[in-house]
Amino acid sequence: MKKHSARVAPLSSYSTQVLTCPNSEGEDGSESRPETPGSGTSIESWSYNTCASTALKVLGGLLMVLCVSSSWVGTTQVVKLTFQSFSCPFFISWFSSNWNILFFPIYYSGHVFTTGEKQTPIQKFRECSKLFGEDGMSLKLFVKRTAPFSILWTLTNYLYLLALKKLTATDVSALYCCHKAFVFLLSWIILKDRFMGVRIVAAIMAITGIVMMAYADGFHGDSFVGVALAVGSASTSALYKVLFKMFLGSANLGEVAHFLSTMGFFNLIFISCVPLILYFTRVEHLGSLSSLPWGYLFGLAGLWLVFNILVHVGVVLTYPILISIGTLLSVPGNAAVDVLKHEVIFSVVRLAATCIICLGFLLLLLPEEWDSVILRFLANIADKKSEEHGEELTESSGQTRSRSQANGAVSIPLA
């Protein structure tokens, strides 16, 4: 299967961005002199614009962190509210996944508004369909490329919803954060990514947190089943991301929007039979259309769509690491709602397991060259201290000489 060149990964592949400042020296190390009166002003203006754009990007990233965290907390809590009157997790997953169809129309509207291009939606759709190959999308490619990812997407959401029926929102959101560790392990095994000891430690911490979470109420009952379901959701999510990177490569925002809308169509056309089967076999009892909690369903689907849009757009507009931090902050957000609204009391073991999983998640966010960066930072600090110590010695020796010369001048014997 043909791979595509990487531009912007819709997955969690993070790279550190380096801000380079304008150099005031020439290539030979000598000081460059302005050739025109306005050149110094232009350099200062360019430096100011660069710093201003970076500051805006950071501020936008912080706002994106808040929005991502709030949307994911809202999605999880609305699911819990929906289950109070409507306990059909697969129907909820199917209904919410259908809203992915709106992803490309939303992207196209924003693209036209920001760039002013006059491409028709069909032309833009065909341009973005190159993700499926140079010849565009055909029916065979539509089924071949979309089916496995759509199934993994549905399984991830379905298992997540099943876990929410067994556990609190805090426990499920914390266990779902283990998908970062599973992505690293699968990428290391399948994609032959670089081995990093700190990430192995993070994966071990994630597994330790899972075992502690399962042990909190004993290895039996709803708690153990809920932990298994949440870990299954994290595993299928990790497999989805690794397979996307393996078979489809990385894609720009337009291609991601095209692909998600395509998955929405596949879900609507081919997976619609599953809710019907579950209904006629009485596995999930839907009831009449008028009795369905449409307010909760529309709110849940809208929040889920907003979360997916923020995740994929945020990777392009700001630093990807901030998007992951926003997902992680959903854990304390859900904990606050559970304590204040649902009056949930967390055991010490569950709190320890949640903290271990979150710490492992943070370790997985470290860049690949984090060790060399820290060593260079420590070396620079040591060099600065040695320079300052040398300057202090030079100043003290100079003061000693001046004092000795002054004392010699004063001690001249009188005739």
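Quick reminder: no glycine exception, Cβ is built from N, Cα and C everywhere.
TrEMBL labels come from automatic prediction, so no person has curated them.
The compositional bias 'Polar residues' feature in TrEMBL is assigned to 12-23 (among others).
The compositional bias 'Polar residues' feature in TrEMBL is assigned to 395-408 (among others).
Among the features that TrEMBL reports, domain 'EamA' is placed at 61-214.
Taken from TrEMBL, the feature region 'Disordered' covers 1-42 (among others).
The region 'Disordered' annotation in TrEMBL covers 386-415 (among others).
The transmembrane segment annotation in TrEMBL covers 55-74 (among others). Beyond the ends of the transmembrane segment (55-74), by six or more residues, the same chain brings 169, 173, 303, 306-307, 310-311, 314, 317-319, 322-323, 325-327, 329-330, 333-334, 337 to within a C-beta distance below 8 angstroms of the stretch.
Annotation source TrEMBL lists transmembrane segment at 86-108 (among others).
The transmembrane segment feature in TrEMBL is assigned to 142-161 (among others). Long-range contacts of the transmembrane segment (142-161) within the same chain: residues 79, 89-90, 92-94, 96-97, 132, 172, 176, 229-230, 232-233, 236-237, 239-240, 243-244, 247-248, 259, 262-263, 266-267, 270-271, each at least 6 residues beyond the stretch ends and with a Cβ under 8 Å from a Cβ of the stretch.
Feature annotation from TrEMBL assigns transmembrane segment to 173-191 (among others). Only residues 6 or more beyond the boundaries of the transmembrane segment (173-191), in the same chain, are considered here, and those with a CB under 8 A from a CB of the stretch are 11-12, 72-73, 76, 160, 163, 167, 199, 202-203, 205-207, 209-210, 213, 227, 230-231, 233-235, 237-239, 241-242, 245-246, 324, 327-328, 330-331, 334, 353-354, 357-358, 360-361, 364-365.
The transmembrane segment feature in TrEMBL is assigned to 197-216 (among others).
The list of residues near the transmembrane segment (223-244) in space but at least 6 beyond its ends in sequence, with Cβ under 8 angstroms from a Cβ of it, reads 10-12, 148-149, 152-153, 155-157, 159-160, 162-163, 165-167, 171-172, 175-180, 182-183, 185-187, 190-191, 210, 213-214, 216-217. What TrEMBL records for 223-244 (among others) is transmembrane segment.
Summarising the annotation, TrEMBL assigns transmembrane segment to 256-280 (among others).
Sequence-distant contacts of the transmembrane segment (292-311) (same chain, at least 6 residues past either end, Cβ-Cβ under 8 Å): 64, 67-68, 71-72, 74-75, 78-79, 81-82, 85-86, 92, 95-96, 98-100, 102-103, 106, 260, 286, 323, 326-327. The transmembrane segment feature in TrEMBL is assigned to 292-311 (among others).
Sequence annotations record features per position, and here TrEMBL assigns transmembrane segment to 317-337 (among others).
For 344-366 (among others), the entry in TrEMBL reads transmembrane segment.
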Contact between the transmembrane segment (344-366) and the transmembrane segment (86-108) (3 or more Cβ pairs under 8 Å, separation 6+): no
Other parts of the chain folded back onto the transmembrane segment (197-216), taken as Cβ under 8 Å at six or more residues beyond its ends: 171, 174-175, 177-178, 180-182, 184-185, 223-224, 227-228, 231, 347, 349-350, 352-354, 356-357, 359-361, 363-364, 366, 370
Mean predicted confidence [pLDDT] for the domain 'EamA' (61-214): 88
